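> Okay, these came from TrEMBL:
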BINDING   Arg338  substrate binding site
DOMAIN    10-329  domain 'Aminotransferase class V'
MOD_RES   Lys194  N6-(pyridoxal phosphate)lysine
Amino acid sequence: MDDKLMLMIPGPTPVPERVLQAMAKHPIGHRTGEFSEIVAAVDVDLKWLHQTQNDVLVVAASGTGAMEAGIINFFSAGDRVLVCGNGKFGDRWIKLAKAYGLNVEVMQEDWGKPLDPDAIGAILQADTGKTIKGVVFTHSETSSGVLNDLAAINRHVKDHGEALIIVDAVTSLGAISVPVDELELDVVASGSQKGYMIPPGLGFVSVSAKAWAAYDKATLPKFYFDLGTYRKNAAKNLTPFTPPINLYFALQASLQMMRQEGLESIFARHSRLQAATRAGVKALGFGLFAPDSHASPAVTAATPPEGIAAGDISKILSKRFDISIAGGQDHLKGKIIRIGHLGFISDRDVLMTIAALEATLLELGYTGFTPGSGVAAAAKAFQ
Ligand SMILES: *Cc1c(COP(=O)(O)O)cnc(C)c1O
């Protein structure tokens, strides 16, 4: 059925009607007072969302562009950085840092396991010469549904004193608290098609005073993503290049909606969605890929019951029920399903997804569960 699609993937996420309406008009000139007013309003709300007084700069790019800006502005070739990865997006940080000729020290955990803050702390403690210039990692690892312990890792980085903390918060910002000022996070990257509830195309980078000091010394080549240029323009409510004007309309509307809901309510909603999704799939016989203690608020990864192919589940959910979920990436292809519950997602969406998942399992001839048990477990988690 046309226009019935439910997007339950961890990005792009569904876009509210109000936001779609805001986008559906002619662009306006980006050197007009009218557009500058939008830039100014959005700037205030982005700082609110990041819980910071730091600059939050907007680039025309997907989340990876924001990540790239988060590297090339603060380092010079040969700088030693500790990149910690436990999934697809951690791997992306490693590739990115290597592509720019940084001296990359890699710390890796298996996909599905959280990063070990104390192991990171041990490497930092051993660096008595303070040669490590940055610690780089993913907060919510979308490929595995693992939430890394931002506060604990940050404590070790602060003990080190020299290194910048650089965080991919693409699927944590707007889902769980990322208190930039309280934790003194130096660089935080995010993208529009995740928690922001707008289509892909905008990247966001928050930059601390300490990171700006590093910027002044950094010599990696940069032009389009030179954040200093964005900062100068932002001070005048301008953008250096032609921005995706209509995405700014969307962003203004979505940030207003987020303001209305309130940060605490947004975080509580995602926490409920996470708990209900996990309870629902578990009751149906799925294995939870990430431990309860480190579960992402944005996405739940689960291994299907014995004998059921992950690909068949996604296929039937999509064909019969117009629900789109994600599969595994790289070596997890065909091994897990991933249900996104990020952004414009309500309790109802999770109940419907779990109910459709039950119907899908029945269609696949799986009898190892009591029909209704997934929905019941999800409903109970909502109480
Ligand atoms: C989606 C995502 C990104 C950015 O990917 P793009 O396709 O460039 O938008 C980065 N990190 C994480 C953890 C993500 O989920």
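Backbone N, Cα and C atoms are what each Cβ position is placed from, and that goes for glycine too.
Note that TrEMBL annotation is computational and uncurated.
Locate each feature and note its surroundings.
Shown in sequence order, Ile9, Pro10, Thr142, Ser143, Gly145, Val299, Thr300, Ala301, Ala302, Ile325, Ala326, Gly327, Gly328 are the residues of the chain, 6+ apart in sequence, with a C-beta less than 8 angstroms from the C-beta of Arg338 (substrate binding site).
In the three-state DSSP classification, Lys194 (N6-(pyridoxal phosphate)lysine) falls within coil.
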> Using a 10 Å cut-off, grab the number of neighbouring Cβ atoms around the Cβ of Lys194 (N6-(pyridoxal phosphate)lysine), all chains included.
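Result for Lys194 (N6-(pyridoxal phosphate)lysine): 28 neighbouring Cβ atoms inside 10 Å.
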